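Shown below is the structure under consideration.
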Amino acid sequence: MAGSILERLNQSVAQSKVGRYFRLEGSGARRERVGSKFTTEIRAGLTTFVTMAYIISVNALIVMDSGGPCVCENEADPVCLTDPAYNACLATLKLDLITATAAIACISTLLMGLFANLPIGLAPGMGLNAYFTYTVIGFHGSNKIKYETALAAVFVEGLLFVLLSFFGVRQWLARLIPQSIKIASGAGIGLYLCFIGMQTSAGIGLIGGDAATLVHLDGCNRDAKGACIDGTHMRSPTTWIGIFGFILISMLLTLRVKGAVLYGIIVVSILSWIRGTDFTYFPYTPAGEASFDYFKKVVTFHPIQMTFAKMNFELDNHEIWIALITFLYVDIMDTTGTLYSMAKFGGYMYRNGDFDGSTAAFLCDASSITIGAVFGVPPVTAYIESGAGITEGGRTGLTSIFTAFLFFISLFFSPIFASFPPWATGPALIVVGSMMAKSVQSINWNYVGDAIPAFLTIALMPLSYSISYGLIAGIGSYAAINGPIYLLELISGGRITPSDKDLKEHWNNEGFTVENVLPAWMQIIICKMNGTTYVDPLDKMEEEERLERELAARADAVDAKIEIDAHGAQPVLAPVEH
């Protein structure tokens, strides 16, 4: 009964204007998203939100270390670690940043869903927020660049991004990336997600730092200062309940249970909210008591008091321009890698290396950076945790819209949503990472010039803890290896060339055609000037792929008929009765 009601609801929404706008399956819209259903999109949006919800509190804690607009005037304590007035200011700043993070995540994710029709969540970027806080501003404002000036740099970066996206430069640059590296970025991000999910800060604490080997098997109990207690490796209750969550999600996925990732997160979270257990999220410590007091509020709203529109555009320090350029290139590589990997993972990537809604997606991302600076947060970026929602079946912007709605709700229920333990969301990241890693089988391992750059892309993403550095390693090594070989081939007139060159993956030169270089609005203007009709290249590509599928199906049918005619129909024997 419930199933038929949901089916009728899915069918009704699909045939409505909403269904046609978001290209739900059965809507009759061009380029329908195969497998997309309204109820599935809602569940996927909830899953994406739950895996991203940690950013509400984590981003606030990191950016709070910058000191924000708080002023330290204690000469005896230059960073005001024990100054009561400064610490009171920091407490207000933390609440401001919780509100600002939830608000910009809501706005940016809503833009992505409405205008790009993609199931991608956005929020202030992890890594970018640490660079913003500790490298640009310094702990409690200890560097020369102040919080207000750094926000101005982020604001300007967003405007530059808008221009680059509007004129198609970002999309064109993305299409120049070799296909093997694009595919490898999906697997690299999968390992990166897994690495995050296994750490303590955003995962189950299975992997920890080591002075000799950098990382080691952890899972240990920790003292009041957060240091690992000797002899307690793999004895941490939170690690083991995280492993339980991982096994639960994996079993549910194996049994094809819809909502498996979400159920796993919720079960572990509810168990962790029970006080008095060894794995509780609210231990009887000062920090645990403070977290539980905040959790008990359930409903609360804190209006922004200190961080809104605080930009200072006196960009006369050369260090701020270095920071601006760093933000720019890291964001380009980060967002490009995430969006293209999610498009590949979600199944809406086209063979020319582009995906549906790419221009709108880049514009939404760029606009969100500028809006985020107004709210007082570091650069906003697309989140790889969106893969959890895609795993649950999210294929359209409805997933993002529901995620945005939940971020809006979190403005008033932040005590609940900020209390999902990292060991509850970590298992989901590990599972999603394993699913994303399957793209590694599509890499061209048969030609060294393609294989080594792809491998470096995969390896450097988790090892450098950066998507952008992984892409830089892949693209740089691709040019360093294949560039000189190409020059040798030209100089020698083709006499010096790899013996297995025929195995090399062709670089996607479709990225250099007018159709794929110029943004759609420019192509429309050119067509009107020439008196011709504009046809979306992706529509043509979809039609070509449809015809290819039909031809392949006919060929298979012909082959099957020939085989039957050659061997003759096999007689069907009636069962013998005894």
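A Cβ is built for glycine as well, from the same backbone N, Cα and C atoms used for every other residue.
Feature list, courtesy of TrEMBL:
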{"type": "TRANSMEM", "residues": "97-116", "note": "transmembrane segment"}
{"type": "TRANSMEM", "residues": "150-169", "note": "transmembrane segment"}
{"type": "TRANSMEM", "residues": "189-208", "note": "transmembrane segment"}
{"type": "TRANSMEM", "residues": "239-255", "note": "transmembrane segment"}
{"type": "TRANSMEM", "residues": "260-276", "note": "transmembrane segment"}
{"type": "TRANSMEM", "residues": "320-340", "note": "transmembrane segment"}
{"type": "TRANSMEM", "residues": "401-424", "note": "transmembrane segment"}
{"type": "TRANSMEM", "residues": "445-463", "note": "transmembrane segment"}
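Give me the local environment of each listed feature.
Proximity of distant same-chain residues to the transmembrane segment (97-116), defined by a Cβ-Cβ separation under 8 Å and at least 6 residues beyond the stretch ends, is recorded for 52, 55-57, 59-60, 63-64, 68, 122-124, 301-304, 307-308, 357-358, 360-361, 363-365, 367-368, 371-372, 375-377, 380, 382, 396-401, 403-405, 407-408, 410-411, 414, 417-418.
Same-chain neighbours of the transmembrane segment (260-276): 43, 46-47, 50-51, 238, 241-242, 244-246, 248-249, 252-253, 282-284, 292, 295, 388, 391-392, 419-421, 423-425, 427-428, 431-432, counting only residues six or more beyond its ends whose CB sits under 8 Å from a CB of the stretch.
Away from its own ends, the transmembrane segment (320-340) comes close to residues 118, 120, 125, 127-128, 131, 135-136, 145, 149-150, 152-154, 156-157, 160-161, 170, 173-174, 177, 182, 185-186, 188-189, 349, 353, 355, 358, 361-362, 365, 369, 379, 381-384, 386, 466-472 of its chain (Cβ-Cβ under 8 Å, at least six residues beyond either end).
The list of residues near the transmembrane segment (445-463) in space but at least 6 beyond its ends in sequence, with Cβ under 8 angstroms from a Cβ of it, reads 178, 180-181, 183-185, 187-189, 191-192, 194-195, 469-471, 473-475, 477-478, 481-482, 485, 498, 500-501, 503-505.
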